[in-house]
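Heads up, the thing below is written out as C-alpha cells.
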Amino acid sequence: MGKSILLINGPNLNLLGTREPQIYGSTTLADVEASCKAHAESLGATLATFQSNHEGAIIDRIQAARGNVDGIVINPGAFTHTSVAIRDALLGVGIPFIELHVSNVHAREPWRHHSYFSDKAAGIIVGLGVYGYKVAVEHVALNFKERAIL
C-alpha cells in the first residue's frame, strides 16, 4: 500500500494564477493540484487536496486526517503568521507535515518572517514557486513512514 498524502492550501491560494502573478506565478491551484496528484501516483502514493479561506475548516480537515494519512503538505498562507489553532491541530493529530510557501516569505515584509509552524515541521520549502509543491509531495512519498494499519 502506498503512502497517503494530504495537501492543504490556506487563504487566498484559490487565487493562484491570478493574484499577484509577479509573486505567485501564473499557474492555477487546479493545475498545481492535478500536477501533484499525478506526481504522487507516479511515486505509488495517493494525494487528497483541500483549500479553504477559513481557519476552522482547515482545522476540521486536519483533524479528519488523523489515522488516514501518512503526511501533510500545508501552505497555510497568511495563517502562517497568525494561527496557533492550526499549529495545535497539526500537533494534536501527530501527522508529520511539510510547510510550504510559493514565495520567499523571508524576502518580503518583516511580519511575514515569523511562522507558527516552522519549528514543528518535518521540513520547510520556501520560494521555489509552485515547483515547491512537487518537491514536498515527493519528499513525503519517498521519506515519510507509512502509518500503522491495525
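Glycine is no exception: its Cβ is also placed from the backbone N, Cα and C atoms.
What Swiss-Prot annotates here:
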- Tyr24: active site, proton acceptor (ACT_SITE)
- His101: active site, proton donor (ACT_SITE)
- Asn75, His81, Asp88, Val102, Ser103, Arg112: substrate binding site (BINDING)
- Arg19: site 'Transition state stabilizer' (SITE)
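Location within the structure of each feature annotated in Swiss-Prot.
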residue: Arg19; record: site 'Transition state stabilizer'; contacts (Cβ under 8 Å, 6+ apart): Asn12
residue: Tyr24; record: active site, proton acceptor; contacts (Cβ under 8 Å, 6+ apart): Leu16, Gly17, Val102, Ser103, Gly129
residue: Asn75; record: substrate binding site; contacts (Cβ under 8 Å, 6+ apart): Ile8, Asn9, Gly10, Leu13, Glu99, Leu100, His101, Val102, Tyr133
residue: Asp88; record: substrate binding site; contacts (Cβ under 8 Å, 6+ apart): none
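Neighbour counts were taken as the number of other C-beta atoms within 10 angstroms of each residue's C-beta; across the recorded positions His81, His101, the minimum falls on His81.
Annotation note: His81 (substrate binding site) sits in a helical segment as assigned by DSSP. In the three-state DSSP scheme, Val102 (substrate binding site) is classed as coil.
Using a 10 Å Cβ-Cβ cutoff, Val102 (substrate binding site) registers 24 neighbours.
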